[in-house]
């Protein structure tokens, strides 16, 4: 019998990036599918049948024989069974190594260009984390690094860029920050909003701090609410890197690591911070640090404008009391392992911990 074929996440990522035809079959239970999925994948209710080794699990599914098939599950055991069944039916079928857990590190990019600067948006499509390389005159800063450091370093080399510094908008609760390691690898400053509870050295950023990059200026705007140190960054008066304060369809949650009274006070701070942000020019482009949906391999940036969210995100039109009431009523489940993740981000040292073990799961930083 021919051994069941595997495919690693990087190969599948490259297939999607280059537009190669592929059928991706998601066999997980529907409740897991709803939480997160791979773009372009098809869900089929076959999990129980495959666990029972039922050869009819894919009955009724119409696939093209000339297009390779990748079967995915949470891990790998059930997808191996599915891939073997499809191989025996004559398909070029693969099981995704590591399943959705491994896919959480997969990524793609989009580029936004202005006359005197450009921004590369790195989208961790398997998790919903967004990070940025801001570029002007071949100088670069990196904001909210959530991917392996070698990915950023490869882009810096390909684009012939000099890294000036690394910045965090806040202490993240849904992923392990790679910013400290990235700054250390490249011997550049690490800027964090002040005050901050981390136990390692950093360069503090205060409200109205100005950073120079090439021919542009980047202004820090303190926007507490999601966390007390949360800070957004206004780039050349044209683009706001909004962190987890403002998203394309919602706002940051104020409840993490807070009791009910603390969450209420943070919600009030969030409202006040949003009023400052919404007072910016309506054409200001908003680039958040997370998205609540898997990111397609379409090179289209995840973005909005101040004017659009003011008109279309209903909670932004409320007064403070109604806003805080709605926010606290809509608190979603907490991110998986968020207490451990925050503790590691404050420490700045992973030790022997594998980030994938902690980071698996849906992104839950937004309220909409």
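Glycine residues also receive a Cβ, built from the backbone N, Cα and C atoms like all the rest.
TrEMBL does not curate its annotations; it predicts them automatically.
Per TrEMBL, the features are as follows:
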| type | residues | note |
| --- | --- | --- |
| DOMAIN | 18-112 | domain 'Rhodanese' |
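Note on the domain 'Rhodanese' (18-112): its mean pLDDT in the predicted model is 95. Taken residue by residue, the domain 'Rhodanese' (18-112) breaks down under DSSP into 29 helix, 20 strand, 46 coil.
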